[in-house]
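What follows is a short report on a single structure.
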Amino acid sequence: MPSIVEAQNWAKQQLAGGESPKVDAKVILQHLLQCNQTYLLTWPEKTLSNEQWSRYQELIAKRVAGEPVAYIVGEREFWSLSLKVSPATLIPRPDTEVLVEQALKKVLNQADTHIVDLGTGTGAIALALASELPKAKVFASDLREDAVNLAQDNAQKLDLSQVQVKQGSWFEPFAEQQFDLVVSNPPYIDPEDPHLSQGDVRFEPSSALTAEQHGLADIEHIVSHAPSYLKAGGWLLLEHGFDQKEAVQGLLIANGFAEVFTEQDYGGMDRVTGGCIKE
Ligand code: GLN
């Protein structure tokens, strides 16, 4: 059987030409051996068992076929929180941390602060906010039962079970509730976008990626319903496509939002737009 270093070298060759052969080979082996990077570096000569080697070959074959590493290993880090992921949900993206950063500027850590994350998926945004605002009441919704279960699992695993995850469409589970902050990373890709046939998104659920009206249908739904769920002075913050700033700002203004602003992601693309409902 190959050693740790031999197995990784083999995997790197298999993955050559991919986006990140070295990191993928390492991360998948760490997952398989349930160890950290230090272990791999400390025991390069240690041989894999027969079973480990055949499992490693299977997992690398999945990656060669394009399956995202996050789905292969079943987890992804977001806001320094390790989240379980599954093909039921979008894989959390680093750019979505910009939405969390902006959200944290808009609310206080108080017992009467109410926040909701619509279409929560893994629970990433809700859990990141709850981890920073332990006194606040954080709610989340998702249409898919498997996503709701996953977000609840993540909340429990991270000891953030104050986050309440409900099944339903957008605001549906929160009739009569009023929030200080509404956040969402809804689907916003045009179903005709050619990028949908490349890379990781091929394996992600289209329900989490695409929306009608060139990607704007769900954003429009959220913006038009948000005013009746926001307290006076409350904020709505949305992630959107790099070319949707004007459209999203226009929707916010048309629905009575003030102080409308857009923030760029780490790649310098317009990514998060928000506004507030005045007193
Ligand atoms: N930003 C993601 C992408 O372009 C899409 C996320 C989403 O649709 N909410 O792959």
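From the backbone N, Cα and C atoms, a Cβ is placed for every residue, glycine too.
Unlike curated entries, TrEMBL annotations are predicted automatically.
Taken straight from TrEMBL:
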type	residues	note
BINDING	Gly119, Thr120, Gly121, Thr122, Gly123, Asp142, Trp170, Asn185	S-adenosyl-L-methionine binding site
BINDING	Asn185, Pro186, Pro187, Tyr188	substrate binding site
DOMAIN	6-74	domain 'Release factor glutamine methyltransferase N-terminal'
DOMAIN	104-191	domain 'Methyltransferase small'
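Shown on the structure are the features that TrEMBL records.
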| residue | record | DSSP class |
| --- | --- | --- |
| Gly119 | S-adenosyl-L-methionine binding site | coil |
| Asp142 | S-adenosyl-L-methionine binding site | strand |
| Trp170 | S-adenosyl-L-methionine binding site | coil |
| Asn185 | S-adenosyl-L-methionine binding site | coil |
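Between the CA atoms of Gly123 (S-adenosyl-L-methionine binding site) and Pro186 (substrate binding site) there is a gap of 13 Å, rounded to the nearest whole number. Between the C-alpha atoms of Gly119 (S-adenosyl-L-methionine binding site) and Pro187 (substrate binding site), the distance comes to 9 Å. Here the binding-site residues are Thr120, Thr122, Asn185, and the one with the most other Cβ atoms within 10 Å of its Cβ is Thr120. The Cβ neighbour count for Pro187 (substrate binding site), using a 10 Å radius over every protein chain in view, is 20. Cβ neighbours within 10 Å of Pro186 (substrate binding site), excluding its own Cβ and spanning all shown chains: 21. If you take the Cα of Pro187 (substrate binding site) and the Cα of Gly121 (S-adenosyl-L-methionine binding site), they are about 11 angstrom apart, rounded to a whole number.
A sphere of 10 angstroms centred on the C-beta of Trp170 (S-adenosyl-L-methionine binding site) encloses 21 other C-beta atoms.
Under 6 Å, Cβ to nearest atom of ligand 1: this is the test, and of the binding-site residues Thr120, Thr122, Pro187, Tyr188 it is passed by Pro187, Tyr188.
Of all the binding-site residues listed here (Gly119, Gly121), the one with the fewest other CB atoms within 10 A of its own CB is Gly119. DSSP assignment over the domain 'Methyltransferase small' (104-191) gives 28 helix, 22 strand, 38 coil. Counting residue by residue with DSSP, the domain 'Release factor glutamine methyltransferase N-terminal' (6-74) contains 48 helix, 1 strand, 20 coil. Around the Cβ of Gly123 (S-adenosyl-L-methionine binding site), a 10 Å sphere holds 31 further Cβ atoms from the protein chains shown.
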